[in-house]
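Undergrad: Pasting a structure here, questions to come.
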Amino acid sequence: MAIREILTVPDPRLKQVSKPVEGGVTDDIRALMDDMLETMYDAPGIGLAAIQIGVPLRVIVMDLAREGEEPAPRYFVNPEILETIEEKKPYEEGCLSVPDIFDQVERSARCRIRYLDYDGKQVDEWAEDLYAVCIQHEMDHLEGTLFIDYLSRLKRDRAIDKVKKAKIRAIREDAN
């Protein structure tokens, strides 16, 4: 397993649409998911899409366990949202690709999803609350959409500028 670099805005690769995984869940895909999970835990975060580490495949990892609980990793290959309920709720979201930025985004409180798990088994289930929000957020990444794309242009531009400035500060600090 290896910790990979997480892409941050305004990296254009984050706007790519990810391709389906062909040939099922192979050892290479499992190795990718293992790296993604280690990267996500190191960040730390609760979800990560493969495109966030520069791999344009429809793969997501997630762990919604609270601090102090046993890890509960989940793996999603070629996930699809089959159905959502009409009721939407605002949730405060953040993103490892938009570090230190948080804002309200409206999402369906419940959605039905289908995906292949770590072992290649097809799963069809309903996701609710934080699970529903997180899967929708991560699946947006697979379509090249970031949570800040739901914000006003002003808020989005400010978020990108803040991330750019933080990168410049970090580079300067590393140089000293």
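Cβ from N, Cα, C; glycine included.
According to Swiss-Prot, the Fe cation binding site annotation covers CYS95, HIS137, HIS141. Residues annotated as active site in Swiss-Prot: GLU138.
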Undergrad: Please report the three-state DSSP label of CYS95 (Fe cation binding site).
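TA: DSSP call for CYS95 (Fe cation binding site): strand.
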Undergrad: In sequence order, what residues of the same chain, 6+ apart, have a Cβ less than 8 Å from the Cβ of CYS95 (Fe cation binding site)?
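TA: The list for CYS95 (Fe cation binding site) reads ILE101, HIS137, LEU146, PHE147, ILE148, given in order along the sequence.
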Undergrad: Take the Cβ of HIS141 (Fe cation binding site) and count every other Cβ within 10 Å, whichever protein chain it belongs to.
TA: 24
